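Student: Got a structure for you, questions after.
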C-alpha cells in the first residue's frame, strides 16, 4: 500500500537522525512535511523574541533542506486537534509520523491526536530520537523507579548499552517515487511567517550570535569536533562563566530545538575520544548529554515536576513574595554588577554560561532574595534560547537546593565568584558600560568607591547605578538558617525520596507508544 503521509515536525527540526521522517518515506506516495504553530505554547509558556527568531530561522533552514529533496515545509497555525483532522481529509492522509515528546502537554496532546487519527483511519508511527534513550525504559530498568541521582542514571544506562547510532538524512534516492503536492499559492497558504506576521515586537531583538537551523548546528558541531584536544580535556566546571567569548560549545539551543540530534552529538564525541585520554562524565561533554537525559527522566517520573507544591521530590519552602526584588533581579537592577551583567547578557543574547546561571539562580532563591525558584524558572523560560521544560525545572530545583542537591549552606557570592575568572571585570564593562570607568578594585563593589572615584568614573551609585538591594553578608547567613528549618520540617518519607519512588503506570506513554522503540 502506498501512503499519503504527514510527517509532523515538532522539536526534531532536522533531516539527519530523524527515524520518524525515514518511516514516513517508506511505502509512501505523497509526503507532507508539516509544522504546526500551536497557539497553546504562546498562551501557556513564555517565549521571548530571541527564541522566536531562532525558531523561524530553524524552519527556514528546514524548508531549504526539503527543497533540495523536491519537497517543502507546510506551516499551519492552529490547534493540532482542530487542524490535523481537516488535513487528514483534505490530503487523504493514511499515515502520520512524529518524534516522541515526553513533556506533559505534549503527551496529552499526542494522546488526543492518536485517538483522532484512529477515527480517521490514519496509521500513527511515533519514533524516539529527541533523547539518547527511551526514557520510559530507563525507569523500567531501574525497577520502575525514577533514578534520583546522576550516578544511578549512569549505572542504569550503562547496563542498557550505548545509545542507538544516528541514521543518515534522507537522500534523493530515498525520495524516489515520493512527491510533495505543491500548489502555486504554497507560500501564501503554508509559507513560514515572519516575526512581524506573528505580531511580535522586534525592537528588543538582541545581537544575532546564534542563528537557528540544522545547517548552522552541524557547522558548529564540525567546528568544535575539530578541536580534538579541547574536546578531550573539556571539564565543564573549569570553564569560565564570564569570558567574553563563550567557553563552552553553545550547542544547547540546537539540541533543544532538535536542529542537532543528541545521538549524533554523542557519537561524534565518541569518535573524537576513541584511542585518546579524555575527561569522563559528569564533567565531560558526554557527561553534559547524560545530565540532559537525567533531567528528562526525572521530569517524566516525578509528577508536577515544574512546581513546588505537589512535587514529592521537592523540599517545601515558604519563599517570600517580593515583587520589587523579583523585578530588580529580572531587570538587572540588583546593584550587584556580576548579577546584573549576567541578567543583561541573558536578555540581550539569549544565552549565558551554566555557572552564570548558577550564580543568578542562587542569588534569587536561597542565597540572597529568598524568592521561589518557580519565579526564576519563568524568566529563564522566556529569555533562554535553550529553555527546555525538563532541564529548566530540574536545574532550578537543583540550584535552589530544593531537589537533587542538598548542600544549601554552599552559597555563591555575588562578589567573589566572578572575580575568580575575571578579576579586572572585563565582562562587567562589556555589558554594563555605565561601570566601565570604575577602577578594578571597585568594579564588583562600586558602592564602596569614594565619591571622588565615582565622579571620575561618571557613575554615582544610587543615581546612575543602583545600590545593592540586600546586604549579602547578612541575608545569606539568615537564609541558610531558613533553609535548615525547611529541611527539618520534612517527614521521614520525604527524606527518603531521593532513593526514588515507584511510579504509577503511565498509560499515556506505555499505551501510546507500546515500547515500539527499545532505546
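Placement of Cβ uses the backbone N, Cα and C atoms for every residue, glycine included.
A TrEMBL annotation is a machine prediction, not a hand-curated record.
These numbers come from a predicted model, not from an experiment.
Annotation comment: TrEMBL describes 248-252, 288-295, 386-388 as FAD binding site. Look at TrEMBL and you will find 490-504 tagged as compositional bias 'Basic and acidic residues'. Residues or ranges marked as domain 'Photolyase/cryptochrome alpha/beta' by TrEMBL: 3-132. Per TrEMBL, the feature region 'Disordered' maps to 490-519.
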Student: With DSSP helix as H/G/I and strand as E/B, how many residues of the domain 'Photolyase/cryptochrome alpha/beta' (3-132) fall in helix, strand and coil?
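Tutor: The counts are 58 helix, 31 strand, 41 coil.
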Student: Taking the Cβ of residue 291 (FAD binding site) as centre, how many other Cβ atoms lie within 10 Å?
Tutor: 19
Student: Across all the protein chains here, work out how many other Cβ atoms are within 10 Å of the Cβ of residue 289 (FAD binding site).
Tutor: 21
